[in-house]
Amino acid sequence: MILKRTLTTFENQNLKRCKIDSEIEYGRKKGEIIVYKKRQRATVDQPCSKEPELLTSSSSSLTSKEESQQVCSDQSKSSRGRVRAVPSRFKDSIVGTWKSSRRKGESTESSHDDDDVSLGKKVKGFSGSSKLHRSKDSKVFPRKDNGDSSEVDCDYWDVQISYDDANFGMPKKSDASRKGVYKPEEFTVGDLVWAKCGKRFPAWPAVVIDPISQAPDGVLKHCVPGAICVMFFGYSKDGTQRDYAWVRQGMVYPFTEFMDKFQDQTNLFNYKASEFNKALEEAVLAENGNFGDAEIISPDSSATESDQDYGPASRFQGSYHEDIRTCDGCGSVMPLKSLKRTKDSQPEELLCKHCSKLRKSNQYCGICKRIWHPSDDGDWVCCDGCDVWVHAECDNITNERFKELEHNNYYCPDCKVQHELTPTILEEQNSVFKSTEKTTETGLPDAITVVCNGMEGTYIRKFHAIECKCGSCGSRKQSPSEWERHTGCRAKKWKYSVRVKDTMLPLEKWIAEFSTYTLETQMLDKQKMLSLLEEKYEPVRAKWTTERCAVCRWVEDWEENKMIICNRCQVAVHQECYGVSKSQDLTSWVCRACETPDIERDCCLCPVKGGALKPSDVEGLWVHVTCAWFRPEVGFLNHENMEPAVGLFKIPANSFLKVCTICKQTHGSCVHCCKCATHFHAMCASRAGYNMELHCLEKNGVQRTRKSVYCSFHRKPDPDSVVVVHTPSGVFGSRNLLQNQYGRAKGSRLVLTKKMKLPGFQTQTQAEQSRVFDSLSAARCRIYSRSNTKIDLEAISHRLKGPSHHSLSAIENLNSFKASFSFRAPFMSVFCFLGATFSEYLRKILISIYLVTHQEADFTSFRERLKHLQRTENFRVCFGKSGIHGWGLFARKSIQEGEMIIEYRGVKVRRSVADLREANYRSQGKDCYLFKISEEIVIDATDSGNIARLINHSCMPNCYARIVSMGDGEDNRIVLIAKTNVAAGEELTYDYLFEVDESEEIKVPCLCKAPNCRKFMN
């Protein structure tokens, strides 16, 4: 084996041993043999001897015996004067001195060493006449402008190279390397190095590799910026795989120069010395050119003289099959089966898997068609016409022009020829346009024909929208980006993909050159807005329930922020959400739209009818409070009264042309999702359960509110969703508000018993429950076990009446007038007398006259409505055996959604008294019925109250409770309202809304058996 120190890459050289008796005899005395390499003559016009800065010239004759002895004696002694000997494991090798070439490349003391250095060092070059380029930011790999790069010896150099080009391929010694710290830039692919994985890890022999073509995918995924990829010699502990690493500055050292320092390491970090010795021997063989199992295929591996004629693949014909080819993209050598031909590539072009992916993603130069490689340096420019990247050098872009392109448009040569938009023509057009801007503005066409992806459309300058001519869109107007997607174009750049049909000029250029007016900066006026609202639409008629606030959709209310209900349209809102003063009489309150019932009010921002409407500063235009909240340009002049709404004319006009994804209509102004371009009306999103958030923050001493709406794709809609408020103190929603503000939540009823079992809890069988009693014991002394035979039966309603042969609906029709007139004694007595004495025909006539003359009039206040509810409650509800727990409340007749059912009555006590009563009821084993209506007032219906206390809890209720204020200093009342349509005989339930408690000890189990049961009421 012959070991050369000056090789920086893997190289197979034909070395010839010099047979000089005197030199060999002297070397044997020192334990060394000096090998001389026969010098070859240069065969090019400018030999390497003419580059004194690059390569040291060598002598053509051998030195004398005395000179060689002096050189060898200087090299064989260390700084202490000791004679260096070859390690025992290299006794069968022909080895020179370890440090004979450490700094000899820079000195000219020995002519023999100069010969070794001059012939051993290599420079990076090209087989063509291209000039080498390398930027300062290059980490590991040199710049390659084509795929024919190779490493050649100076003796076979066939290209004229300058001084800078020659130094490019050689690692430059920096100040840091002189101090023992080497940068990754100083090493190239194929260099043998000592690499360390950490400060406490040993230095291990390794080779620098190309991570793209030589490293596994797992190594490439964990790429570290500013580091080089190395492959360690030797095998891992399983003995089958190689180890790879990304090494940074200070953890990599030249192999030859640090051989003496690292070959005698003792701390190998759990590695065996035998493994280290095998790796070292493998590295020594690799430096000599004998790779063995460690041979790797490198795109930058050196080419021999024969390789220049037959290509890189000819080097592997001896050990590989004949179907080995090189990738035309990166130059990697691999089997032909793993190479692919892409649709966009040339017929004879073969690409590897990695390069084919880059080709499909347009990661290649549009001029030279060279695929982008991580090792490539230089500048790239993206064409604004076709979205293709181009080498700056390929288009002869200077550094000054490259800086100017950051603020200007760039077009590749193909786009320049196709559209004739050279920079000089653009400058002339801009100059002409500036001079004639005022004269051409008035003569602009209102519409122009545009084309994209083979589909035509009409661009309307007034609305900055495009009307498609495909036939299926009709008269629908779309924004340029939407129409671009509609045509099937994937460029996502409508400014350049949408072009004017006549001149094929990009639409953005046409707008910039012939119009200074865009719709984004256009200010609307009343006439234009009314013209946008004149189009026909289908009104969305919504059911406004009193369960939730029509603005924030919360179900909770508080003493200082009560839920109020309009006496006419039955719309429920919070006082703060609608701007209602606390001094107003809430029993006869009507909303702003119902103050003038003869005039119909509609929102100008959405097609939804009714709701919480507020007037704007424009006469005749009204808006929903929710629409004004989530429209950034709209606000309220008075935040306390929440009116009037201002900023309607600041809304972009193109928002009135968007199609709502929920109601499928264009009437009104649409908002879009904060994550994508999905458009919808704010009120439609609120009714559909979309996630809506208000972010309140303070910036520079100014209170700011940011609104966010999420579409159904980015957040799953929920019918019970509410407006979530984000503040610096926390996030407030419908359920977690109970955790953040104790004592301010809506009142709830607590029902507890001693023997509560979790749903699904399996009790013992009767065989296990049966006890073995003494045969002589009395029956009254035995423990009584309750029978469970009727637990799973359906709910049964109890009606106080005798036997009946008629259906329930027939009986309800006969007694319907009683519910309307509720025990009016004079009329009822007359009716009974007439029914007993007159004929049936006269009886029906009198009943009809009575119903017509005594119809239920509209209530002027909530107090009157509540009195009527108390008189007729026995005709609406009854009690019965519940299928949930104990006794329950049942509907005696069919009840419509939103209809008031019954008032929850009891004794009003303070909070402290209610706590004492609850403890007393528990000690007696009684069920307690407590309903909290405010922070200090609780209604106790345990001993005194009406039938409403029997209503049970359900996670899917058909009723909800509403706390209403009577005004004039009177106490609040609790009313149960139907949430859905309830059939006669159906059990009435509502959600208790207990305060959420995380402790398992005081959890109250839920027995409702609903599909969405929460298992616990709290």
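Glycine is treated like the rest: Cβ placed from N, Cα and C.
From a predicted model like this one, the values you see are computed outputs, not experimental measurements.
The record from Swiss-Prot ties C1006, C1008, C1013 to Zn(2+), and of the options C928, C955 it ties C955 to that site too. Tertiary neighbourhood of the zinc finger (600-634): same-chain residues 526, 529, 533, 537-542, 544, 550-551, 569, 571, 573, 577-579, 591-593, 642-651, 663, 665, 667-669, 671, 681-687, 692, 694, 707, 709, selected by CB-CB distance under 8 Å and a gap of 6+ residues from either end.
Taking the zinc finger (600-634) as a whole, pLDDT averages 91 in the prediction. For the recorded site, H885 (S-adenosyl-L-methionine binding site), the DSSP three-state label reads coil. Using a 10 Å Cβ-Cβ cutoff, N952 (S-adenosyl-L-methionine binding site) registers 22 neighbours.
Most Cβ neighbours within 10 Å, among the binding-site residues H885, H953: H953 holds that distinction in the structure as shown. According to DSSP, the domain 'PWWP' (189-258) comprises 5 helix, 21 strand, 44 coil. Across the residues annotated as binding S-adenosyl-L-methionine (H885, Y929, N952, H953), the widest Cα-Cα separation comes to 14 Å.
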